[in-house]
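J.: From TrEMBL, here are the annotated features:
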{"type": "DOMAIN", "residues": "8-363", "note": "domain 'Kinesin motor'"}
{"type": "BINDING", "residues": "GLY87, GLN88, THR89, GLY90, SER91, GLY92, LYS93, THR94", "note": "ATP binding site"}
{"type": "REGION", "residues": "152-176", "note": "region 'Disordered'"}
{"type": "COILED", "residues": "490-638", "note": "coiled coil"}
Amino acid sequence: MEAGEDCCVKVAVHVRPLIADEKLQGCKDCVTIVSGKPQVQIGAHSFTFDHVYGSTGSPSSSMFEECVAPLIDGLFQGYNATVLAYGQTGSGKTYTMGTGFKDGCQTGIVPQVMNVLFSKIGTLKHQIDFQLHVSFIEILKEEVRDLLDTSSMSKPETANGHAGKMTSPGKPPIQIRETSNGVITLAGSTEVSVATLKEMAACLEQGSLSRATGSTNMNNQSSRSHAIFTITLEQMRKLNIPGDSCSNDTMNEEYLCAKLHLVDLAGSERAKRTGSDGLRFKEGVHINKGLLALGNVISALGDEKKRKEGVHVPYRDSKLTRLLQDSLGGNSRTVMIACISPADINAEETLNTLKYANRARNIQNKPVINRDPMSNEMLKMRQQLEYLQAELCARAGASSEEVQVLKERITWLEAANEDLCRELHEYRSRCPIVEQSEREAYDGSTYIVKTDAVKRSLPITEAEYPMSETVGDSREMEEVAKEWEHTLLQNSMDRELHELNKRLQQKESEMKLFGISDAEVLKQHFGRKIMELEDEKRVVQRERDCLLAEVENLAANTDGQTQKLEDIHAQKLKTLEAQILDLKKKQESQVQLLKQKQKSDEAAKRLQDEIQCIKAQKVQLQQRIKQEAEQFRQWKASREKELLQLKKEGRRNEYERHKLQALNHRQKLVLQRKTEEAAMATKRLKELLEARKTSSRETLVTMNGSGANGQGNEKSLQRWLDHELEVMVKEHEVRFEYEKQSQVRAALAEELAMLKQVNEFAAKGLSPPRKNGFARASSMSPNARMAKIASLENMLSISSNSLVAMASQLSEAEERERAFSNRGRWNQLRSMGEAKNLLQYMFNSVADARSC
Ligand SMILES: Nc1ncnc2c1ncn2[C@@H]1O[C@H](COP(=O)(O)OP(=O)(O)OP(=O)(O)O)[C@@H](O)[C@H]1O
């Protein structure tokens, strides 16, 4: 084997979405991914990895291409590789790896690996001979079990809810061995030779079904073992050596053998949270032991100081670490996928996972191409030959050739320099535009941030009962509009009536004018006048006729006297004629007057009609005004009734609101008290943890410096013990507060879920089930429900923050505890006497505490 290149373990984080169970518990997403960066933030902690997938990091679908595909390419070059899924129980390891492969399901890394592997083999098989083997084992309770052993039966689920595989009786257990050149092998495990994708998939499916799984509170199909699916790729390549036609076939062949381990670890778990007991509890203990050993290996390899100090790496502490010896710090290219849940309830475990993963990034592996010794030797010789040939050429060549090469190099460098100058110039000319657009983008973002901040700064109490006010406002508006409309109508009708009255008055006064010159009297007057004129005319005519007769008689007598009489008569006649004419004129004028009279009669008639019409209109209008007033009165009465009803309802709502506010207040107080207690305990734990660092150092210094002074030493040991005990007590207190807070949160979440369900039922027009909580929630008004939902959501996010803060300190405490116990808590004790004294002191302290 040749010397390996240094390459760090690559770490990707896979954040799964909140699952139904977590949503039901009202869990909040407490993990933030920094946009565009592989950076994860949780509470005050921030971690950077090689990749982050899921929950608005890169899409999970690109994980295979970015993290695993390069490992497969390496496999074909002869490099070993490992993909390792790590994380808390239920965080999505099996989902990510696809080791729960069933019914040909293609999601997950392992099925994708198989697809890519066979498609590559398909394209290369004409040049290279391939051999593929797979093995599939699990480590359950520190025992390695073969998942592909067909002789052992698959065990159905037991009463304890355990499904798994039984080792066949008489078969020797699988042994982990290390070969002389340090390669870890499994003696006794089944290696199945596979030629097709289907065969390999069948192995995966068979092993997955045989794997031990069981149901816990946190995952109803929890893997109870660490599973390793290993693909071994052997290649026999024909080498193309120019000018080498004489050597035999084996001399021109190269043999490579590389392994790909696909590891799905069991999840770390807390017995209290998984609710495990009996067998499940024992499994949990073993799982945690294995993971603790893995953590210690990662810690030893990932801590630069420890690495430099050459600290022992405890691979042999567990079967898991022994099997992964090559993958961590050895001959392998390794990708670790840290699977995490974003739920705040899992914040402590998520933090622990991220801390481990972060440390794993510092592990340096030394992958080498795995050739067989013969091929390796051949390669070395060939390389040496090539080197010597080159050397020979160089020496044989003239020095002028060297000069020529240097000249060419100078020309090339000059050209490259020119290109770079041009690029720099172009960049500078583009710079102001880029800066401007960056400034604009920045301004835009601050604006968005500002508006968001303004929105967020609105206190939630302002949003309480907003709907009732809006409804009240709209009702009032409606009422005012109605009254206004009524007043307008009344006014316009009054104006109309006034107009009619005015017209009526006018017409009546006109009529009066006609009335003053009494029509009948006038008529009689004119009639009489005409008659008189007629009589007068007749008298005058008779007179004239007499006169005419006299004139004729006189004409017959023709004497002088007669002539005189005749003249007199003619004179008289003329007068009479004139009188008649005058009378005629008078008569005509009387007729004319009579005609005018008739016309005015007609006008009076018309006026009379108009007056009648106006009077009718007036009556109608008065009726309408009356009707309108009646309608308005009725509306007003009903409105007042309604108002009364509303006031009653308002009082009820007000009462309900007060009741709710009181309840909210009580809930908030409880939450506040619990949060304050939690914050105090967390703060105290933090202070103690900080103080412990210095105190343990001081203790050591004091103890080392006071070798002669036995009493001083004893006192400082006692102080150290007091401090240690206090840290533990505080850690327990915080854990206790954490549990209480989780319970409060669960109750709030339950209430919230119920209210939301009632809202959904109401939106669909259905009535909610007749259960206790539902009855109370559905008796609330929609506005009160909305307000309660908002208040509960507010409380939930307060609770979530408190949980994350506690989880952060608990994770810190646990990590330090682990580091401390690794170093040996009691290393400071140097004699049995010191130990006895300290034990006595501890007994006294416990007795004191119990007697209080
Ligand atoms: N990325 C994801 N998207 C959607 N659902 C997921 C995702 N990851 C995990 N889940 C769901 O979460 C649940 C737990 O996942 P899984 O069994 O893979 O966890 P695990 O880490 O293997 O748990 P354990 O250690 O207990 O075996 C499953 O119901 C799974 O379908």
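Backbone N, Cα and C atoms are what each Cβ position is placed from, and that goes for glycine too.
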J.: Based on DSSP, name the secondary structure state of THR94 (ATP binding site): helix, strand or coil.
T.: helix
J.: Count, for each of the binding-site residues GLY87, GLY90, GLY92, the other C-beta atoms lying within 10 angstroms of its own C-beta, and report the residue with the smallest count.
T.: GLY92
J.: Looking only at the coiled coil (490-638), report the model's average pLDDT.
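T.: PLDDT averaged over the stretch: 81.
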J.: Please work out the number of neighbouring Cβ atoms within 10 Å of the Cβ of SER91 (ATP binding site), leaving out its own Cβ.
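T.: Its Cβ has 28 other Cβ atoms within 10 Å.
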J.: Report the same-chain neighbours of LYS93 (ATP binding site): residues 6+ apart in sequence with Cβ closer than 8 Å to its Cβ, ordered by sequence.
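T.: The list for LYS93 (ATP binding site) reads ALA85, TYR86, GLY87, SER223, ASP264, LEU265, GLY267, ILE337, CYS339, given in order along the sequence.
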J.: Taking the Cβ of THR94 (ATP binding site) as the centre, how many other Cβ atoms fall within a 10 Å radius?
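T.: Excluding its own Cβ, the number within 10 Å is 26.
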